[in-house]
Amino acid sequence: MTKKSTIQPCLVCGQSSNSILFGAPSCRACGEFFRRKVISNFKIKNNCLGECSFAKKSMKPCQSCRFQKCLEAGMLEKMVFSRKAIYSISNFEKSILEELEEAYSKLEHGRNETFNPKSDSNPKFCSHEELNNTCTIDIQIILDNLISYFQAKKPMGKEQDDVLKMHFIVPFVLFDTAFRAIGKSSYISPDGTMFGGSYVEKLYQDSSNSKIGVNNGKTSREIMESYWKVSYKILKSEMELLQLDRSEFLLLSALIYWDFGLENQSDKCCENCNTIREKVLKELVKYERKKSGQNALRIAMIMGLLQAVPKALDVMKTCGFLSKIYNLRGSGCPLYAISTNSPPQ
């Protein structure tokens with residue numbers, strides 16, 4: 001890392017850059033492209049003759065040529081999983097968005113290391129037992145990688161940190177699950193299996209592992225299917241209409257964590273949350289201005305998604321209540337326990 005701030009071109013696309021990403025001077029867009037391709041471990045198909053031009057801004061290079069250009073620029077795949085993978089050349093403090101990107105990348109890496117999801121042309125659908133087990137493990141991964149970042153960024157004291165944590169976990173899981181399912185016909189579990197969406201019946205289907213005394217899959221599906229459809233419409237459909245991107249998703253996630261007016265939240269914690277929320281909002285405005293020019297309507301529509309999260313949470317709480325009352329399949333979901341302020345068993 002040099003001490004003097006330097007502006008130099010991205011060695012991949014030629015745009016101005018002041019960052020070293022994965023070992024090479026690169027703009028954030030090319031660095032994020034390289035990171036996604038390495039983490040996905042998906043073989044990029046070469047559909048051209050390797051003649052894509054990076055000089056013509058009007059022509060977008062294919063993924064194969066762009067990835068090869070990243071390697072030629074000096075980007076290293078091993079650095080994607082290194083703590084030193086991304087750093088700024090300048091002395092300026094990292095933006096909250098950059099920190100969120102690093103924290104979420106660690107979360108994704110933790111999921112890949114734990115679940116080892118595989119790309120399959122014939123994806124597997126999970127049962128409610130499998131989904132509950134995966135969710136329990138994933139919550140710990142979220143705690144270790146994302147929530148730990150929030151708590152280190154702005155410590156509030158153990159009691160208030162716990163208040164923010166307990167009010168964040170379930171909304172974030174719902175928000176994250178919907179975001180990762182954009183463009184797909186169903187939700188994707190962190191282990192790569194599918195559930196919900198157009199295939200609710202598969203989640204509650206009878207299996208040899210079903211517990212005795214629990215209502216059959218047909219009954220569970222008939223009661224719960226309408227709630228799945230409502231939840232699908234509240235969050236996932238709205239995200240798809242807005243074409244929410246990763247940076248917008250991360251900044252909104254930060255606003256969900258640093259919320260205010262929560263039960264058992266102290267006045268000081270509310271004040272601190274409002275202070276850091278202002279910084280997050282400024283970064284969102286800056287990001288949208290850079291992405292497509294000043295667009296107040298776009299920002300307003302994106303912020304509207306925050307109003308959808310409590311609605312999705314209410315639907316999930318109703319599902320939890322009905323599951324217990326009617327002894328339905330899936331009643332052991334850890335999100336139900338957390339949403340009623342009880343720790344998951």
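Every residue, even glycine, has its Cβ placed from backbone N, Cα and C.
What you see is a predicted model, and the numbers here were worked out from it, not measured in a lab.
Swiss-Prot assigns the feature zinc finger to residues 10-30, out of the candidate ranges 10-30, 73-93, 157-177.
Checking Swiss-Prot for zinc finger across the ranges 46-65, 126-145, 266-285, 286-305 points to 46-65. Away from its own ends, the region 'AF-2' (331-342) comes close to residues 128-129, 131-132, 135-136, 139, 166, 169-170, 173, 214, 313, 316-317, 319-320, 323-324 of its chain (Cβ-Cβ under 8 Å, at least six residues beyond either end). DSSP assignment over the region 'AF-2' (331-342) gives 6 helix, 0 strand, 6 coil.
When pLDDT values are averaged over the DNA-binding region (7-82), the model yields 77.
Here the zinc finger (10-30) is broken down by DSSP into helix, strand and coil counts: 3 helix, 7 strand, 11 coil.
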